[in-house]
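Q: Sharing a structure below in structure tokens format, with a few things to ask.
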Amino acid sequence: MLLRLVGAAGSRALAWPFSKLWRCGGCAGSGGTVWSSVRACGIALQGHLGRCSQQLALQGKLTSFSPRLYSKPPRGFEKFFKNKKNRKSASPGNSVPPKKEPKNAGPGGDGGNRGGKGDDFPWWKRMQKGEFPWDDKDFRSLAVLGAGVAAGFLYFYFRDPGKEITWKHFVQYYLARGLVDRLEVVNKQFVRVIPVPGTTSERFVWFNIGSVDTFERNLESAQWELGIEPTNQAAVVYTTESDGSFLRSLVPTLVLVSILLYAMRRGPMGTGRGGRGGGLFSVGETTAKILKNNIDVRFADVAGCEEAKLEIMEFVNFLKNPKQYQDLGAKIPKGAMLTGPPGTGKTLLAKATAGEANVPFITVNGSEFLEMFVGVGPARVRDMFAMARKHAPCILFIDEIDAIGRKRGRGHLGGQSEQENTLNQMLVEMDGFNSSTNVVVLAGTNRPDILDPALTRPGRFDRQIYIGPPDIKGRSSIFKVHLRPLKLDGSLSKDALSRKLAALTPGFTGADISNVCNEAALIAARHLSPSVQERHFEQAIERVIGGLEKKTQVLQPSEKTTVAYHEAGHAVVGWFLEHADPLLKVSIIPRGKGLGYAQYLPREQFLYTREQLFDRMCMMLGGRVAEQLFFGQITTGAQDDLRKVTQSAYAQIVQFGMSEKLGQVSFDFPRQGETMVEKPYSEATAQLIDEEVRCLVRSAYNRTLELLTQCREQVEKVGRRLLEKEVLEKADMIELLGPRPFAEKSTYEEFVEGTGSLEEDTSLPEGLKDWNKGREEGGTERGLQESPV
């Protein structure tokens with residue numbers, strides 16, 4: 001309603017009093033009324049109020065209804081509408097210099113190269129120009145669409161359909177009384193009866209017919225029976241009309257096409273906001289992004305992978321100081337492949353590189369190259385490398401490169417062919433670099449084994465940087481990074497706490513450690529603790545390892561007793577076997593999918609003997625043996641234990657060559673989720689493998705049964721104590737079973753003994769001392785924040 005009235009009144013006549021109102025000191029909706037502002041204007045508005053009083057009254061109603069419209073003045077009127085704080089301090093002599101528009105700002109404001117931020121009040125500018133407040137192009141489109149819809153609605157739903165009658169009624173009421181002017185046979189389906197003007201109130205009536213021949217015979221017979229002379233008989237006219245069914249059938253198709261066209265125009269592939277301006281032809285443009293200086297990750301935030309950090313620092317140094325290497329005849333490596341398990345910090349290391357290196361950093365995901373259109377992948381690869389050459393020297397990071405870098409020749413479907421074409425284009429582009437391009441390509445993947453050899457060869461990715469799970473020193477460094485933002489208890493030392501937590505989390509990756517610290521803070525907040533304490537971290541570690549604690553899960557007394565003796569069997573076997581992992585805690589409170597939970601502290605070692613693996617198998621069978629020994633029956637609770645025992649036995653026989661009958665051979669096992677189409681050994685060998693696995697598992701079971709038979713009283717003690725307390729710590733186990741008869745390591749200092757210093761070696765080589773600044777800078781100017789390493 002506002003737009004309609006303003007347009008009718010004339011925008012120029014209404015714009016002048018609006019500007020006077022703002023000049024006189026404020027918004028009508030934020031403290032006063034429009035008429036008070038008018039009185040404050042004085043003589044300036046006295047001559048114009050007679051002509052525009054109605055417009056001002058309308059503005060007063062609207063401002064009281066929606067003050068948000070006037071909470072911010074339009075552009076061009078900021079100096080007339082100042083904040084209350086600035087009104088007192090502002091003086092007539094102070095002038096604000098006009099804001100300089102950006103060089104490449106779009107029509108919407110000063111947002112940058114691609115249009116930037118739009119106007120807050122575009123309708124006000126149009127009113128100043130004497131135009132309607134709405135956009136003409138959009139209004140014309142909407143007007144045409146609305147007119148078409150209205151016309152169709154009026155035609156199909158408001159036309160007079162006439163009154164339907166029967167043949168008998170037509171003969172008796174119209175034909176016999178001589179009220180018929182003419183008969184119109186429409187589309188050979190029905191007859192429209194046009195009465196003589198002035199005889200009836202209806203314009204026409206109609207009735208259906210079976211066929212034209214039958215209608216003609218019946219009409220002739222009826223007129224003969226009524227004695228109507230041939231000269232007075234009703235005229236019959238045959239016409240063809242459209243009933244709109246064809247147009248109605250086209251409506252769904254037209255609506256669907258309109259929606260698709262609108263989506264293509266306004267969406268990412270169209271020319272609307274956020275589009276690249278090329279419609280369907282823009283799908284071949286790269287989706288790679290050039291990261292700006294708003295990356296808040298630095299190398300100081302990356303720990304536990306110092307060797308990989310040195311490699312990445314050297315790549316940045318290649319681009320910053322190429323002369324240092326070219327003087328010795330060295331060539332800049334073209335790329336590096338970051339590999340390793342999930343959560344070890346590959347992408348985080350790339351983010352830190354983007355935050356530290358003051359060279360352009362271009363990032364893209366491997367899955368963004370493959371789309372529904374054929375040829376999009378190679379086109380985007382070409383466009384991406386063209387962008388990289390344009391911004392050289394720069395770093396190009398391709399995350400999850402296995403999406404396009406899989407080995408070729410493994411499929412014949414269209415998607416596989418498109419992936420191979422994208423990979424071929426990638427190979428060509430990487431080979432097309434010369435030594436002066438100064439573009440370094442980094443890539444990250446969790447599956448280096450499935451990559452094409454042509455992609456990983458030297459000359460494309462010269463270096464393979466493996467980032468594995470951190471050791472105990474690396475975990476301590478990672479804990480220090482993630483403990484920084486936490487509000488710890490005043491009695492806790494970050495160094496001591498990080499070392500203790502590192503000893504409690506063997507095998508954890510950087511992502512797991514980050515999750516532990518976050519869970520500890522959440523647990524502390526859940527209990528309204530003023531700070532994060534050590535017990536919160538212990539609970540968080542149990543939460544990550546064992547899953548969610550289910551204290552409300554109801555177990556039958558018999559089931560609870562079975563679970564208690566099952567866990568007691570695990571604990572006792574591990575306590576009296578030399579190569580078993582030390583026990584930290586055992587609980588019969590359900591966690592995750594399990595009904596019981598035991599936490600061990602495994603040693604970090606890379607080489608295992610046959611005796612060590614055999615003791616681990618015995619420890620995993622302790623629960624099943626305890627059930628058989630104390631209850632005379634077995635349950636399904638040992639399913640996960642049996643699966644691990646079977647995997648360990650097959651690995652010893654098939655992969656590690658620890659079987660005397662099978663010999664010193666090793667066969668590959670399929671990965672989890674993969675299927676082995678063809679076995680690499682014969683049926684006789686497969687039968688021998690199965691026999692050896694059964695024999696090994698049987699030996700472990702018999703040894704475990706013998707051990708628990710000897711320690712039956714100890715298992716009974718642990719089982720009864722578990723039923724009483726539900727959770728047993730290591731101190732409780734020492735009280736019940738006595739000290740463990742074998743030496744074990746449990747502290748950080750014991751684990752790192754004999755490995756040099758207590759912390760990671762973070763020293764840099766001489767050539768990388770000033771890795772993040774050019775030699776020509778002379779040590780005075782730095783690109784970005786230097787790494788503290």
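Cβ atoms here come from the backbone N, Cα and C positions, even for glycine.
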Q: Have a look through D471, D489, D641, D668 and flag the one Swiss-Prot assigns to the Zn(2+) site that H566, H570 belong to.
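A: Given H566, H570 bind Zn(2+) in Swiss-Prot, the matching entry from D471, D489, D641, D668 is D641.
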Q: Considering the ATP binding residues V302, A303, T344, G345, K346, T347, L348 given in Swiss-Prot, which of H482, H527, H536 is annotated for that site as well?
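A: For ATP, Swiss-Prot names V302, A303, T344, G345, K346, T347, L348; of H482, H527, H536, the listed one is H482.
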Q: What does DSSP assign G345 (ATP binding site), in three states?
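A: Going by the DSSP assignment, G345 (ATP binding site) belongs to neither helix nor strand, so it counts as coil.
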Q: Tell me the coarse DSSP state (helix, strand, coil) of A303 (ATP binding site).
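A: For A303 (ATP binding site) - judged by DSSP and reduced to three states - the answer is coil.
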Q: Find, among the binding-site residues listed as T344, T347, the one whose Cβ has the highest number of other Cβ atoms within 10 Å in the structure shown.
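A: The residue with the most neighbouring Cβ atoms within 10 Å is T344.
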Q: Other than its own, how many Cβ atoms are within 10 Å of the Cβ belonging to G345 (ATP binding site)?
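A: Here the count is 27.
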Q: Since the record lists V302, A303, L348 as binding-site residues, which of them has the fewest other Cβ atoms within 10 Å of its Cβ?
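A: Ranked by other Cβ atoms within 10 Å, the binding-site residues V302, A303, L348 bottom out at L348.
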Q: Please work out the number of neighbouring Cβ atoms within 10 Å of the Cβ of H482 (ATP binding site), leaving out its own Cβ.
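A: Result for H482 (ATP binding site): 21 neighbouring Cβ atoms inside 10 Å.
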Q: Which whole-number value in Å describes the distance between the Cα atoms of V302 (ATP binding site) and E567 (active site)?
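A: V302 (ATP binding site) to E567 (active site), Cα-Cα distance: 39 Å.
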Q: Cα-Cα, whole number of Å: K346 (ATP binding site) versus E567 (active site)?
A: 38
Q: In whole Å, how far is E567 (active site) from T347 (ATP binding site) when you measure between their Cα atoms?
A: 40
